[in-house]
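Novice: Below, the features straight out of TrEMBL:
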- B:12-36: transmembrane segment (TRANSMEM)
- B:66-277: domain 'ABC transmembrane type-1' (DOMAIN)
- B:70-89: transmembrane segment (TRANSMEM)
- B:96-115: transmembrane segment (TRANSMEM)
- B:160-178: transmembrane segment (TRANSMEM)
- B:208-225: transmembrane segment (TRANSMEM)
- B:256-278: transmembrane segment (TRANSMEM)
Amino acid sequence: MARINLEHIRHAYGERPKSEADYSLKEVHHEWNDGGAYALLGPSGCGKTTLLNIISGLLQPSEGRILFDGRDVTQLSTQQRNIAQVFQFPVIYDTMTVYDNLAFPLRNRRVPEADVDRRVTEIIDMIGLGGWARKTARGLTADQKQKISLGRGLVRNDVNAILFDEPLTVIDPHMKWILRSQLKKLHRQFGFTMVYVTHDQTEALTFADKVVVMYDGQIVQIGTPAELFERPSHTFVGYFIGSPGMNLLPATIDGNTVALGTDTIALDYSPKVASGAKTELGIRPEFVRLGREGMHVRVNKVEDIGRQKIVRAEFAGKPIAIVLSEDGEIPADPRVTFDPSAINIYADSWRVGREA
Amino acid sequence: MDRTWNNKAWFMVLPVLLLVAFSAVIPLMTVVNYSVQDTFGNNQFFWAGTDWFVKILHSDRFWQALGRNLLFSAIILSIEIPLGILIALNMPKKGIGVPVCLVLMALPLLIPWNVVGTIWQVFGRVDIGLLGFTLKALGFDYNYVNDVFDAWLTLIVMDVWHWTSLVVLLCYAGLVSIPEAYYQAAKIDGASRWAVFRYIQLPKMKRVLLIAFLLRFMDSFMIYTEPFVVTGGGPGNSTTFLSIDLVKMAIGQFDLGPAAAMSLIYFLIILLLSWIFYTVMTSSDEQA
């Protein structure tokens, strides 16, 4: 269990990166608190796995330092860093029994056999493979194999951190939920520092205290699920978190007035926007009110998703999504208003705050 | 049932039937024919029954040759398989080294058998051969023409040189198919180099190793050309393997009857071993 500091980490897979674009991972400078549960969220290829492998030591960063509890571990091997990591696809030692698979990381570290037995039995029960302990791992199904992988990650209780690289991809939805709750429970019980990579926002938001959103090789926002929802600091976060994502409308800012096509909205503050920047207004579909007053929209389609309706409409020539309650009515001449507190202004994709 | 019966379809099988008849069945039956008869030339044949088979099975010459074959196969397998694995493990996995290594490895396999034999026949000669001459100049009493041990050593080194590559290439193919995640997981689990080999690489190579083992066993059990070119079966009969003995008997001595009987026995041995290996292979597949 440790506090992990990433100091100005950058990574490029090719030799001699020339421009910023050559870096798969752009500068990351961040502290992971001891005992924190973090989710690294982002689309495929955004550098999540790269960052994870740099923390575990499978990859040497091109630049920067990694500190565990203030101690520089950049040059240390994975084994010396004492990290557990679970991979996306099951890795099992298929000539060994399920029990031996789980005991493997402990025996490699010369843990006394009595402790090995105690830990392995505990983990086997947790992943629900009690009856399989003495069977060879070869004949198991994919999700049983992944449970073994997961179990091997959890079996050591002295690790500095446990890293999960989309570990539940191959597990079926029902089991996913159970395993995730067990991970969460384990986290509360032992206080491991956990970093969980995923591209599934539900998984990220339910697992983590803090979600780190990555996009195109850089961290675009670190925050609690509520912060990501209410104040996305980058248009990507707005789009990626939430279903449907945030509405982004091209806007012209003049003082505290925002012009959207022919309509204008007055803000209670004046965003400081550099001239020439591409400015947008972001509003989540949950905060768009559909009624008889406000700005004109044209409704194209209504999707009923059970407890809510999603209205797909056109506003000032741009598509806009509106979330309507189940019994919400669509008036004959539909108009919208935006909840003023939920409006975010973006300049060149980055949020311009009240304070800026 | 509305099934159309058209026996003309059998004509489709005819070409294959003819091909197999002329390439396998008829030659084999000729051998069977010889094996149960005796001849003194002039195309006159006398019925001999199982006499030749009894004679072959009671001859020391046959059992000694068979023993040499088995010993030779055992020795080269116990060298080539571990050596092949060792080389494959140390081959580069990416970069310019890969094609270079693969080409170097493939080279011996591209050389025809008799050329390999000739190369080593000349290479090992003490008067003009680089190897023989050097060894002699260094003070070793090396001469594969006179010395049984040296003759065997030369044949074994030659076979290792010629065929280890095959094992290497097969093992390498097995190794590169192991996903990177296995090695990463092993690092995370703190596995030693030996544990990685024992629990990841070896199990993943098992199937290709089985194939390598089979190919090398069968090939070495049928070995003919190289020892024929290098030692001609000598000194004495010390490197006379079954195949060499067979040719000596059939063409050298023109003992067609015994030679035919011996080739049938040889054939049955190979058939038996192939069947055993096939069974072993398929049963291990079922487990997988």
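Heads up, residue numbers simply count up from 1 along the chain you see.
Here the Cβ of each residue, glycine as well, is placed from N, Cα and C on the backbone.
Set these features in their place in the structure for me.
Specialist: Distant neighbours of the transmembrane segment (B:12-36): 47-50, 52-53, 256-257, 259-261, 263-264; these residues of the same chain sit at least 6 beyond its ends, with a Cβ under 8 Å from one of its Cβ atoms.
A Cβ distance under 8 Å defines the sequence-distant neighbours of the transmembrane segment (B:70-89), meaning residues of its chain 6+ beyond its ends; these are 105, 152, 155-156, 159-160, 163-172, 174-175, 197, 201, 205, 209, 212-213, 216-217, 220-221, 223, 241.
Counting residues 6+ beyond its ends, the transmembrane segment (B:160-178) has Cβ neighbours under 8 Å at 76, 79-81, 83-85, 87-89, 91, 93, 102, 105-109, 111, 116, 120, 200-201, 204-205, 207-209, 211-212, 215-216, 219-220, 226 in the same chain.
Residues 69-70, 72-73, 76-77, 80-81, 84-85, 113-114, 116-117, 159, 163, 166-167, 170-171, 173-174, 241, 243-244, 247, 270, 273-274, 277, 280-281, 284 of the same chain sit 6 or more residues outside the transmembrane segment (B:208-225) yet have a Cβ under 8 Å from a Cβ within it.
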